[in-house]
Amino acid sequence: MAAFFPPSSAELRKVKRVQFGILSPDEIRNMSVARVEHPETYENGKPKAGGLLDPAMGTIDKTQRCQTCSGTMAECPGHFGHIELAKPVFHIGFIDTVLKILRCVCYHCSKLLTDTNEHSFRQALKIRNQKHRLNAVVDCCKNKKVCAIGGEEEEEHDLSKTDEELDKPVKHGGCGNVLPKITKEDLKIIVEFKDVTDESIEKKSVLSAERVLNILKRIKDEDSRAMGINPDWARADWMIATVLPVPPPPVRPSIMMDTSTRGEDDLTHKLADIVKANRELQRQEKNGAPAHIIAEATQFLQFHVATYVDNEIPGLPQAQQRSGRPLKSIRQRLKGKEGRIRGNLMGKRVDFSARTVITADPNLSIDQVGVPRSIALNLTYPETVTPFNIDKMRELIRNGPSEHPGAKYIIREDGTRFDLRFVKKVSDTHLECGYKVERHINDGDVVIFNRQPSLHKMSMMGHRIKVMPYSTFRLNLSVTSPYNADFDGDEMNLHVPQTLETRAEVIEIMMVPRQIVSPQSNRPVMGIVQDTLLGSRLFTKRDCFMEKDLVMNILMWLPSWDGKVPPPAILKPKQLWTGKQLFSLIIPDINLIRFTSTHNDKEPNECSAGDTRVIIERGELLAGILCKRSLGAANGSIIHVVMNEHGHDTCRLFIDQTQTVVNHWLINRGFTMGIGDTIADSATMAKVTLTISSAKNQVKELIIKAQNKQFECQPGKSVIETFEQKVNQVLNKARDTAGSSAQDSLSEDNNLKAMVTAGSKGSFINISQMMACVGQQNVEGKRIPFGFQSRTLPHFTKDDYGPESRGFVENSYLRGLTPQEFFFHAMGGREGLIDTAVKTSETGYIQRRLVKAMEDVSIKYDATVRNSLGDVIQFAYGEDGIDGCFVENQSIDSLRKDNTELERMYRHQVDKPDYGDGWMDPLVIEHVRNDSLTRDTLEKEFERIKSDRSLLRNEIIPSGEANWPLPVNLRRLINNAQKLFNIDIRRVSDLNPAVVVLEIEKLVARLKIIATADTTEDDENFNRAWAEVYFNATMLFSILVRSTFASKRVLTEFRLTEKAFLWVCGEIESKFLQALAHPGEMVGALAAQSIGEPATQMTLNTFHYAGVSSKNVTLGVPRLKEIINIAKQVKTPSLTIYLKPHMARDMDRAKIVKSQLEYTTLANVTSATEIYYDPDPQNTIISEDAEFVNSYFELPDEEIDVHSMSPWLLRIELDRGMVTDKKLTMADITQCVVRDFGLSLNCIFSDDNAEKLILRIRMVESQETKGTDNDDDDQFLRRIESNMLSEMVLRGIKGIKKVFMRTDDKIPKVTENGGFGVREEWILDTDGVSLLEVMSHPDVDHTRTTSNDIVEIIQVLGIEAVRNALLKELRAVISFDGSYVNYRHLAILADVMTYRGHLMAITRHGINRVETGPLMRCSFEETVEILMDAAMFSETDDVKGVTENIILGQLPPLGTGSFEVFLNQDMIKNAHSIALPEPSNVSYPDTPGSQTPSYSYGDGSTTPFHNPYDAPLSPFNETFRGDFSPSAMNSPGYNANKSYGSSYQYFPQSPTYSPTSPSYSPTSPSYSPTSPSYSPTSPSYSPTSPSYSPTSPSYSPTSPFYSPTSPSYSPTSPSYSPTSPSYSPTSPSYSPTSPSYSPTSPSYSPTSPSYSPTSPSYSPTSPSYSPTSPSYSPTSPSYSPTSPSYSPSSPSYSPSSPSYSPSSPSYSPSSPTFTNKYNYQPNNKKK
């Protein structure tokens, strides 16, 4: 449509709200343009008027115009028609609601049946949800039999009435008629009058839609509202179809089959049926046909109208085409994955995209993508023509559409578009400013690259284009892991962003280097892989030497090489360089100590024999071989450290250069793996054969043992299970032993081993399978089962349990498998394939549900996490407000220390004579001893650390785990400070411990997750809640800071000087602020992906716990499904029962508890039951029992009359083992019989120590039944027997089928002296759950006992407990196979499921029952039902969520769309206009020849010039930030969140440019601050330009650009605001023309002769100046006086840090003029 209206610059209004409702018959008629009366579509080859393709409804012919709007086929959107139905019919979507309404109102007078005084009705009126309200009103009216009578005047409720009067049936003005029972059958509504005496009224009749319509029409509006139906939008009578709208032909297009015939759409067929049925009904009515024929015709019309809307009605035949294919109704068009909502609105096919196969190219940078030239010729980017690029655009247009780089279209300002393929006239290619040129994409353009399935955020990333020959996308190898791509034929998609805003977002948020560290598990997702990883290990070995020619070639592959060749490690006999030396050139300035994967822990730390300890100091690799642990995507790897210390750009360079250098070296060295690498020597092979044969013999012995019943069963397992487990143990051990002996035989230079140790491919299991033995094949976790007459294959004998016949493969892959081994191996492999296929679909659906449940959860600007309704999910993201990317594992040192250790580490024992020796300045010692205040401070500090420790142990981390992911790696910061300030660990520090304590206190107080304004809220509770949230957020980190920077440790362990310590404090603060999560971040989607992605890697099956207990545990995907579906019935319900401390350590006592809990019936302990006819109770016929029967009757029970006993005897023999195991006695069991049957049974039992345990039970006849016939006694006894066995509970808790005991020796406890130890406890696991009853057992520790049944926990313990249980269960499922997901993602899922106070399942029954908008709900599941409900109950959608906005094609309020940008119009008035250069001599840094760093990342726009440090209301778009300046691009510490910038890339404040720089001339005609890619370092900036010269007279520091009146350096400029630390209007020596002038530094002056460029302090012209230099210039683009954050890797300082001297902007730690002692102002924090 857009093509047919002239373009307007006016912004489109956003849709604020969507109101749903039902069209009334009048509305349908009014909007209709034609009444459809004929089923035919054509007449004489033309569309028939009044037919289904009436020309008024829109044309379907290219040559015709529409009769209604005169538009052509392309322009006319179509217009509705209508069909007048002869009789009203039910609408299938509304019929259930109509039925409910009929049950609420009187059949005769349409009054609401219930009375307004009724309590239940009043409660119903309070329900906000209209649908629920209707259901509640239906419940109120359910039991009404009569429409109550009464005068209208009594409607007003008289409050003076008494309760009794009120309770009487109130007369509410009904008609008094009897009400029928109303039911629905298929499409009919049936009324049934139950007790009608009148013969004239039929008891049961069909209620016609006409009659229903009349009833509904009479309903009053207020009654309607009471039922939840809003008469303004959806009256009840509109739910009956009287007029049917006919959709316009464009909705149901027809296709030409051949020249004459047309194929009509399904809807057109259906409408034709409706029209035919309607005509037939009209004809019958006209002819006065009998009622039953009319009813039949109506029913036929009803059927067609119903199947037109929904063709899947249960109980109705489907409407079909002639071919028998069911027609696609309106409902089928909307629902499901391919339907309108999900298929065409939520996800669409898009333009400007490409897809092809990917191949590898290690010479590309990780953020590049090689694009085939053919694709680059086809994809375009609309570039607006400006004076700066007009020449370039003309050149592109000259190249035309078929030559790259060229252009495809020109779009004029009025919107006309010229296709350059067909342009005839030269005048059409004329360009003016403001036109748009659709140019080909070119090197350096940013694109989005994606590989499906997009399981996590890193599946779509921004890349820069590199146009290359041939037809595949080229990709760096390191990027394959986040995409999960390989090069075996994978295809990937590329999308070209079309606006500057989008490009800016891609560059600032999505680029690959920014995604290196993933928030999912706070570790890198990209590392060095494949050849490079293998090469790196070989390259950094001790014996890797290179000659000069190779070194020179390698240096060529190092783009960042500074031109200095490192001195050779070996000079004689010839010069040789080591690999470590060259690798050091790549490593940025970091400090790191790590171990390789093959490190032996027994080695001494200082010296590693196998070179397995990696030491990097200041970027020099001093020792260690680099393998996957150091270079891979691991936590704490080099990549992780570089990313955190130096930012994404340095990290990108490191990965790129490692690949180019190492690959080049590896090509020269060569690497190959042949079959020879897998062949072991004969001695090893003999060893392997021996191992396997001995294992086979062991299995034989086991079989013999089992057959001779000499087998000890393990508790809870049968003989066969125990046997299988033992066999498995033996065989697996054999495989491992054989494998390890094969591995040990491999020499160091074995190529296979090289790959495995480097971590680039393969594992040790692969080696052992290739060389030694493939091992046992399993199906469903067991050995190959018997499938053919008690054997696995016909080739084996029956009942062969030996290794070979049950799937043990003793050959290696090298030797080859025998046929039967091959077959078993294939069985095992097939299972894996099936498993994967099943798993993929399941996890895909889980992920979709998770995303739909959490898609609208985001961080808001008050640091809370909320959904689109504004419900608070969390008060602070992850409870600490930190972004998952910025946390690293750190250990809290004080947690596990005992009291003596704690005192040694943290307490200042001032009075000891040797206090401070060797670590404190004697003057300071004296001061501390004599100053009571200091001593007080230090003692308080120790107490604080102690209280921290007890808080940690008792509340925060009772488990005693000291390693936690926390922001700001403190240990590394200390290391860096020691290196940076040259701290000698043997020297004493000049610090006063009290200063340390005070500084740390101030620092901790400043660490806030949100800069709180004074809360204006008067609400005490509100403020208290916020205070608690903020306190909790930083509590753990504060404890970490306090325990690490305790004054004694700073002085003894770290020996920091005052300067270094203050630097560290500043760094902590700035890094903490950088680690905060950004508002607008969609943490819900992130959490869903972080949980869904590992689920894809999960195993599907339930595994047995290896080991003793046979407790089954559901794990993997099925368990995850149970948790998020909140399954009522868990597959393996189980309790973990902890006992009270005195019981827990005693096995016998634990056994007693076990037997008390286990549910035991008589059947469990019975071995046999028999029924005898034994007529004489005193002398039994069973000889075995004679003894104890006689002894019983010697002392008979008085009450028992022998003669009343039945002659039939039930004799139960008990299983002695079970009875003793359950700790029962015969008396206990008899007691239970008496308890359940009283005196009607007589029970005699043998002694507990008798050989057999016997119960003898007889019936006792009561007085009344005496003497009656006893024939059926034995039958009765049989029934009693079965009842006793199954029902009679001896002891235990119902539901707990079995209890298993196990010990846990990892239970944390605090020892006597305050240390942290572990103790062993007996723990009970149950099969079956009954939490409440178990917890009430006196010996059970109810505080620790848990259940894995989530529904049970909420019933017993409530919502907070359930949240914790959910977290625990999710963590268990995910960590089972070694994955790790950061807590914050699991927490969001748990919070989303519980925040409403009840459990919300992640299914349609949970997600779709929340009060979100109908559009959002219908995009998940139950699409049509939800939309129908929305219409009936006239719901509104506020369009706040993600889905609604996407459906409406709007920018959703997320990420950069969650705020607006204002334009400061006053500043525009002051803006300078710039003289535009003549188009002819503009130079283009964008031409492919010149790869300027600035060009590589973006382009500019001509916004008014302004200062980059403005207030947020500044005249610039949000598109670009200051980080775009060429120097900031590699700015190590740049953080997108905190630095402001402007929409062009170059500013005068860029560190590469400075007024003192001789190479800049402000009057040069080809320089303009808004030049899109101007960079003074750009090689294409022509030095021969006449006005460009270092000595050029036109350069003058007072040029209008830097004059005091210049807006960018004027005293009113915000970058020199009076609050800026370096500005003081009264300072006599301050001059706005010298931005780097520092009044307090006498030795600093740009012209000072003693100032040398190699001086460690700052010089803008110095070649060695770099953003990573120790001093950071205040003119750097990411520095802003208002910005609390600074460069994370900058060794220099952050402006808000206390030691940053405000009067010394060019502070440098090594500057001799710096003295902190005088101008140290800790409180200089910008408000």
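Yeah, the Cβs are placed from backbone N, Cα and C, and that goes for glycine too.
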Swiss-Prot feature region 'Bridging helix', matched against 806-818, 819-831, 923-935, maps to 819-831
CA-CA, which of the binding-site residues Cys106, Cys147, Asp486, Asp488, Asp490 lies nearest Cys76 (Zn(2+) 1 binding site)?
Asp490
When you average the Cβ positions of Cys66, Cys69, Cys76, His79 for the Zn(2+) 1 site, which other residues in that chain have a Cβ within 8 Å of that mean position?
Ala56, Met57, Gly58, Thr59, Gln67, Thr68, Ser70, Gly71, Glu75, Pro77, Gly78, Pro248
Sequence-ordered list of residues in the chain of Asp486 (Mg(2+) 1 binding site) that lie 6 or more positions away and have a Cβ within less than 8 Å of its Cβ, or none, is Thr480
Looking at the binding-site residues Cys66, Cys69, His79, Asp488, Asp490, which has the shortest Cα distance to Cys109 (Zn(2+) 2 binding site)?
His79
Set of same-chain residues at least 6 away whose C-beta sits under 8 angstroms from Cys175 (Zn(2+) 2 binding site)
Cys106, His108, Cys109, Lys111, Cys147, Ile149
Just to verify: the residue among Cys106, Cys109 with the fewest other Cβ atoms within 10 Å, which of the binding-site residues is it?
Cys109
Quiz question: given the binding-site residues Asp488, Asp490, which has the greatest number of C-beta atoms lying within 10 angstroms of its own C-beta?
Asp490
If you count other CB atoms within 10 A of each CB, which of Cys69, Cys76 wins among these binding-site residues?
Cys76
In all the protein chains shown, the tally of other Cβ atoms within 10 Å of the Cβ of His79 (Zn(2+) 1 binding site) is 22
Using the Cβ center of Asp486, Asp488, Asp490 as the Mg(2+) 1 site position, which other residues in that chain lie within 8 Å, going by their Cβ?
Ile358, Ala485, Phe487, Gly489
Going by C-alpha distance, which of the binding-site residues Cys66, Cys69, His79 is nearest to Asp490 (Mg(2+) 1 binding site)?
His79
How many Å lie between the Cα of Asp488 (Mg(2+) 1 binding site) and the Cα of His79 (Zn(2+) 1 binding site)?
51
Under DSSP, is His79 (Zn(2+) 1 binding site) part of a helix or a strand, or is it coil?
coil
